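Student: Let me give you the structure first, and then I'll get to my questions.
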Amino acid sequence: MSQQKNSPIAYCALFFLIIGTAFILQFQGRNWLAANGNFYFWIGDAWSDQNSQHWTDPYSFSHLLHGILFFGILYPLASKISWIWRFNIAVLLEAIWEIAENSATIIERYRDAGALGYTGDSIVNSMGDLFYCGLGFIVAHYLGFAKSVMLFILVEIGLILTIRDSLIINVIMLVYPLDSIREWQAVMTTSL
């Protein structure tokens, strides 16, 4: 089957993947919107109870980095799998992460690692995270390897300087929480 004939099927698969993710999150008990019912496009305070409740927040940049990473990981398959199907795989991986991240086990793990008030994402926020992952995949496609690595580093530095967190720090704190990082991040939360 040619890539052209695969495209409508791939776009339908992407649509159902996104809808399916939303319904699984709803089944997990996630709210569609923030608990107060408000919807904002952007919430800039990474340490407030509104973080992870609206379309975009500082952690959206880490989901953009997921897309860049997934592009790099899936690039060796480029000769065998069309671009749109690799894009779908990237969004699928992100959807799996969103479902896992919003499980009671991972939410509790985040709390243990220092995100004391974290209650999980709203469904709207998770849909935004899928969007930003997809955007990262597209950006990496157009930038190429070297510029994507530079962007990854710049975003990590920007997040560290602005919110004292980043994709790499988040992974460290999820896998092996360090008191030194927790104390360093606490300066941000107590200064607000």
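Numbering starts at 1 and runs along the chain as it is shown here.
In case you wondered, yes, glycine gets a Cβ from its N, Cα and C as well.
Note: TrEMBL annotation is automatic and uncurated.
Since this is a predicted model, take the numbers as computed values, not measurements.
Features from TrEMBL:
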{"type": "TRANSMEM", "residues": "9-27", "note": "transmembrane segment"}
{"type": "TRANSMEM", "residues": "59-78", "note": "transmembrane segment"}
{"type": "TRANSMEM", "residues": "130-153", "note": "transmembrane segment"}
{"type": "TRANSMEM", "residues": "159-178", "note": "transmembrane segment"}
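I'd like to know what surrounds each of these features in this structure.
Tutor: Beyond the ends of the transmembrane segment (9-27), by six or more residues, the same chain brings 82, 84-85, 87-88, 91-92, 95, 98-99, 102, 121, 123, 126-127, 130 to within a C-beta distance below 8 angstroms of the stretch.
Non-local neighbours of the transmembrane segment (59-78) in the same chain are 46, 51-52, 86, 89-90, 93-94, 97, 128-130, 132-141, 145, 148, 151-152, 155-156, 158-159, 165-167, 170; each lies 6+ residues outside the stretch with a CB under 8 Å from one of its CB atoms.
Non-local neighbours of the transmembrane segment (130-153) in the same chain are 18, 21, 56, 60-61, 63-72, 83, 86-87, 90-91, 94-95, 98; each lies 6+ residues outside the stretch with a CB under 8 Å from one of its CB atoms.
Outside the transmembrane segment (159-178) by six or more residues, the chain places 46-47, 58-59, 61-62, 65-66, 106, 109-110, 112-114, 184-185, 187-188 with a CB less than 8 A from a CB of the stretch.
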